[in-house]
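Taken from TrEMBL, the feature UTP binding site covers LYS127, GLN190, GLY222, ASP253, LYS396. Feature annotation from TrEMBL assigns substrate binding site to HIS223.
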Amino acid sequence: MSSFAKDFSKAMSQAGPSQFQEVIRQELEDSMKIELDKILATAPSNELEHTKKDLEGFKKLFHRFLQEKGPSVDWGKIQRPPEDSIQPYEKIKARGLPDNIASVLNKLVVVKLNGGLGTSMGCKGPKSLIGVRNENTFLDLTVQQIEHLNKTYNTDVPLVLMNSFNTDEDTKKILQKYSHTRVKIYTFNQSRYPRINKETLLPIAKDVSYSGENTECWYPPGHGDIYGSFYNSGLLDNLIAEGKEYIFVSNIDNLGATVDLYILNHLMNPPNGKRCEFVMEVTNKTRADVKGGTLTQYENKLRLVEIAQVPKAHVDEFKSVSKFKIFNTNNLWIALSAIKRLQEKNAIDMEIIVNPKTLDGGLNVIQLETAVGAAIKSFENSLGINVPRSRFLPVKTTSDLLLVMSNLYSLNAGSLTMSEKREFPTVPLVKLGSSFTKVQDYLRRFESIPDMLELDHLTVSGDVTFGKNVSLKASTTLPSRLALQLWVHAPQFGILAFLELTNLVPFSMLL
């Protein structure tokens, strides 16, 4: 570790401000500025202005990183949100829709966070280009949803994609296929920041290139970067000039995040006459969501508290489904004029997420990131809406992919809806083993997608493949060794029968 980093670490561990701490901070900032200036000097003329904006943004984030003591909240200040600050969706929906819903829709822009790669599912390129249903990709389904809106209501709702330097080129190539759809599609890139050596607290990049050996030197700094990047791209001002007033922001891999007309109407025609600048959709926690960020009242503002901010002594309390009953879906509705105002005042406050990484060569680095929902406390008249679980349908793993590809859902105009034949309001809990992690392996192991309408829980481990016409019901556990316990339908008895088959490795389910 460098002497600067050692001294800084030692000084920051001591309680209370001191002149010594400030000297160390300043030395670190000066060293960082020198390194960033060297990197900027390698930028070609056509990239100079854009690179300069990125590095200025990073410099501000690094300054805050050195100034702030840590992400933890003062647990004693956390309060239950006021009753009217989180509205039930049923109450929003009960207001109905106005006759002029088209004019309301024409004020809307749909923004999808499209910076992620499909590497966690064994795919190359943007995650949004993975096929998820009937050979449709996440991006296909998004375009279909918005085109259906525009055709149905004769409106002009555009789609904006926030790409990263990892996804921009491949995404733009694909966009040509939508040139004849009734959807205007715009893109802008989130910033490109240098990774920091954990020991020296200096950037590992030596020049601006981000290909070949330098691929690991740079990273997109989380979706909280949307505010600055959107503003810097000029697209924010252009959309405001066109008369757009709100953006609906969501992760592109959340297939439940469709435009909701009732929420939009509530924004545009508030019952109390005072418009919300920021609405966060939350939904009830289940056992699978205990780590999700939750809305609280903190220093007289609605605030998103993430598990990384919770003091260790209170982590179990934070995970409690009975005490903290809701979590953030990352479906957000934000006023464009408010983003512009706050951005120009440099008044958007988001906690810094320090994300440690180990590169392929073994080097330990850190990434400084922010989350889009954390900015809720910076906006006026913010609101949470407790929406149905159906609006949170993320596809992060092949286990999630199995759910959305199955007969649990029907597809209409790009939107997935739960089958009416499903007797339970929730989806099954599915846990596919490591043999299914990569999409290619997952697809090879299913000759056809099983009937899952009556399934409650599925756990699969080991070398298991599924044949045609498989029907999974109740609670099903498929281990690779030991006993295979499987509930199957027994028509001759009109009941569910229980089978136990032993030592089948590999096992091919051909029912």
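Backbone N, Cα and C define each Cβ position, glycine as well.
Mapped onto this structure are the features recorded in TrEMBL.
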residue: LYS127; record: UTP binding site; Cβ neighbours (10 Å): 24
residue: GLN190; record: UTP binding site; Cβ neighbours (10 Å): 27
residue: GLY222; record: UTP binding site; Cβ neighbours (10 Å): 23
residue: HIS223; record: substrate binding site; Cβ neighbours (10 Å): 24
residue: ASP253; record: UTP binding site; Cβ neighbours (10 Å): 22
residue: LYS396; record: UTP binding site; Cβ neighbours (10 Å): 14
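Taking LYS127, GLN190, ASP253, LYS396 as the binding-site residues under consideration, the smallest Cα distance to HIS223 (substrate binding site) is found for GLN190.
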